[in-house]
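S.K.: Input: one structure, supplied below.
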Amino acid sequence: MTTQARAHAAARRMRLFERYALLVVWALLIIGFSLALPNSFPRWGNFSILFASYAPAALLALAIIIPLTSGDYDLSVGAVMTLSSCLIAVLNAWAGLPILLCLLLAVLAGVVVGLFHAFFIVYVRIPSLVVTLGSTSLISGVVQWFTKSSTIGGIDNALIMSVVGGRLFGVPYAFYYAFAAVVILWYVFDYTPLGRRLLFVGRGREVARLNGIAVERVRVGALVASSVVASCAGILYAGVLGSADPYSGLNYLLPAFAAAFLGSTTIMPGRFNPWGAMVAVYFLGTGITGLTMLGIPLWVTNVFNGGALILAVTISQLTRGREAPDIG
């Protein structure tokens, strides 16, 4: 074998390692917790709960990577998830509206939030970090106002049954909704002109504009889609728990962002991709679940989430630096 051939073979092995390293580490994590907790962790019921409870986080990670792909941040996805779940609870449990109407209104609220973001980010040209951070506080305040800062139960049982009541292969439907969203977004990203435009805009807006792409329209669509997917995460959250908490979304934001960046280092390294995001969500969820079952203090979970985010962004930047420019 020539030197050049050996170099090509080594490069292929490195790409293969980058593509599947997180899956290998995830498997090792499962094995480690199974050895440490042989009577509780390696039980199908435990994994079933894990798959269902982290489905909203998987949708949030997808909501994050849509605008990231086009070059914008959305820090409000956790607040939008909370807005959606609390709207459903208030309108259904308190006002008595039909559950389907409540779901439609929750998604419509996501559209409104997305358009609000798009106006200030795309047309007023305020940085996306500033706009979405401000709207996070704004939305959180509004939600606390109309929920009276209280947890609301009594959501229609039809929603609960359609999210966690039914099971396929022992796994609640909530997981399959998230899986379906991953498949749809993967198809859009990889096999449609819209996905190529998103990627093109994210890698260079001026170059994309010179090539005839309606950059502003693409960015608006990405921001609206992000809020709509976050609203759907709120629907799943309400269905999984059967209630809504005005403070719940903030707990999901950090793990979802960590998953979005960690996911860009796997499956399709160097790109924000739906499959990688979903793998990363459940990798982090496995870690948190295992640590919780080991009886670790609450502060360790916060350290784990924060450390995972910093590490994920660092690895993502190192990986993406070879293939795409930084997000502005």
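Glycine is no exception: its Cβ is also placed from the backbone N, Cα and C atoms.
Sharing the features that TrEMBL gives for it:
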TRANSMEM  20-41  transmembrane segment
TRANSMEM  47-66  transmembrane segment
TRANSMEM  73-91  transmembrane segment
TRANSMEM  97-122  transmembrane segment
TRANSMEM  129-147  transmembrane segment
TRANSMEM  167-189  transmembrane segment
TRANSMEM  220-240  transmembrane segment
TRANSMEM  252-272  transmembrane segment
TRANSMEM  279-300  transmembrane segment
S.K.: Suppose I define contact as three or more CB-CB distances under 8 A, residues 6 or more apart in sequence; do the transmembrane segment (252-272) and the transmembrane segment (20-41) meet it?
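M.R.: Counting Cβ pairs under 8 Å, at least 3, so yes.
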S.K.: Counting a contact as 3 or more Cβ pairs under 8 Å, with residues at least 6 apart in sequence, do the transmembrane segment (279-300) and the transmembrane segment (47-66) touch?
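M.R.: Answer yes: the transmembrane segment (279-300) meets the transmembrane segment (47-66) with 3 or more Cβ pairs below 8 Å.
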S.K.: Take the transmembrane segment (47-66) and find every residue of the same chain, 6 or more past its ends, with a Cβ under 8 Å from one of its Cβ atoms.
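M.R.: That would be 74, 77-78, 80-81, 163-164, 167, 170-172, 174-175, 177-178, 181-182, 185, 198, 222, 225-227, 229-230, 232-234, 236-237, 240, 252-253, 255-257, 259-260, 263-264, 272-274, 277-278, 280-282, 285-286, 289.
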S.K.: Could you pull out which residues elsewhere in the chain have a CB under 8 Å from any CB of the transmembrane segment (20-41), counting only those six or more residues past its ends?
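M.R.: For the transmembrane segment (20-41), the list is 262, 265-267, 276, 279-280, 282-283, 286-287, 289-290, 293-294.
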